[in-house]
Amino acid sequence: MGAQAPLRLPAAPPLAVCGYTSVLLLFAFCLPGSRASNQPAGGGGDCPGGRGKSNCSELNLRESDIRVCDESSCKYGGVCKEDGDGLKCACQFQCHTNYIPVCGSNGDTYQNECFLRRAACKHQKDITVVARGPCYSDNGSGSGEGEEEGSGAGAHRKHSKCGPCKYKAECDEDAENVGCVCNIDCSGYSFNPVCASDGSSYNNPCFVREASCIKQEQIDIRHLGHCTDTDDVSLLGKKDDGLQYRPDVKDAGDEREDVYIGSHMPCPENLNGYCIHGKCEFIYSTQKASCRCESGYTGQHCEKTDFSILYVVPSRQKLTHVLIAAIIGAVQIAIIVAIVMCITRKCPKNNRGRRQKQNLGHFTSDTSSRMV
């Protein structure tokens, strides 16, 4: 037998081949997951376990929040705490309100050291205490030597050797013992004893300034005359000598860290109960505690009853009540006066009629016959 020729199928028409190809391509594109396989990883496809692009963005935000709060990004006493679905760096500082000012390395004055640490945590910046007491502006015309520490307007001037000299002290770099030198001469002042905030008596106010300059600490005049046993040093705060410069106290209690400047401050905790019937306030200018007494009380500690309260002009809140009471009283008085006037006018007429009837009843028969 001879070799058989291979079986050949009849050639398909060209139109049929094109039709089959187009159907296969259309079927391939319509298969589920085909579009996802064509898109790059991480592209705008559906998130695993999610419901769309919105869930993708939320997931990314959550992951970014978790990555942000860690030991490297939440420092200076901050604690990572849950805030909704993410984590947040929280600065939990319970600061007291006592006025013990400190100067920060950023040039800002803070009410006390706790407020400084809270500001460092809030801004995540390294803020340290450069000096005890408020920051002072350098108003002198010095030579400009030395570095300016901090960016604030009231920054300390850091000298090359001495450090910050305060209370009118000058840096003497040529001296053997480099330090702050006080050139205050009190020889021309007369004897005028005063009591200072450190509990010591000085012959005149100039010696108080000299002692403050030498000790490089704030010493203020409390009152004229020598100190007595009743003087309490703890009642005093610290302020600048001569009140030529009032520092700006940074309070991190609100979002803007507004500057706390004012002539009155809340009294410290050791003065609780200082005012019996009133509010205790610490006056910055005099560095003394005072009482704002309630209505009806007077005295240094609001312990006395004010008997002249009826003659005191009422406050705005009570003025409306006083006016209403006055109007009601005036109306009542007017009604009473009207009633009294009506009664007094009717009474004489009634009396006259009664008298006439009584006179007619007294006539006898003889008098009546005579009249006839």
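Cβ coordinates come from backbone N, Cα and C, glycine included.
For Cys103, the partner cysteine in a disulfide bond according to Swiss-Prot, taken from Cys56, Cys69, Cys74, Cys135, is Cys135. Bond annotation: of Cys280, Cys291, only Cys280 is listed by Swiss-Prot as forming a disulfide with Cys267. The disulfide bond recorded by Swiss-Prot for Cys114 joins it to Cys95 [selected from Cys91, Cys95].
Looking at Cys195 (disulfide bond) and Cys206 (disulfide bond), their Cα atoms lie 12 Å from each other. Taking every protein chain shown into account, Cys103, Cys195, Cys227, Cys275, Cys280 are the disulfide-bonded residues, and of these the Cβ with the most other Cβ atoms within 10 Å belongs to Cys103. Comparing local CB density within 10 A for the disulfide-bonded residues Cys91, Cys95, Cys206, Cys302, the maximum falls on Cys302.
Confidence in the topological domain 'Extracellular' (37-322), given as mean pLDDT, stands at 67.
The distance from the Cα of Cys186 (disulfide bond) to the Cα of Cys227 (disulfide bond) comes to 20 Å.
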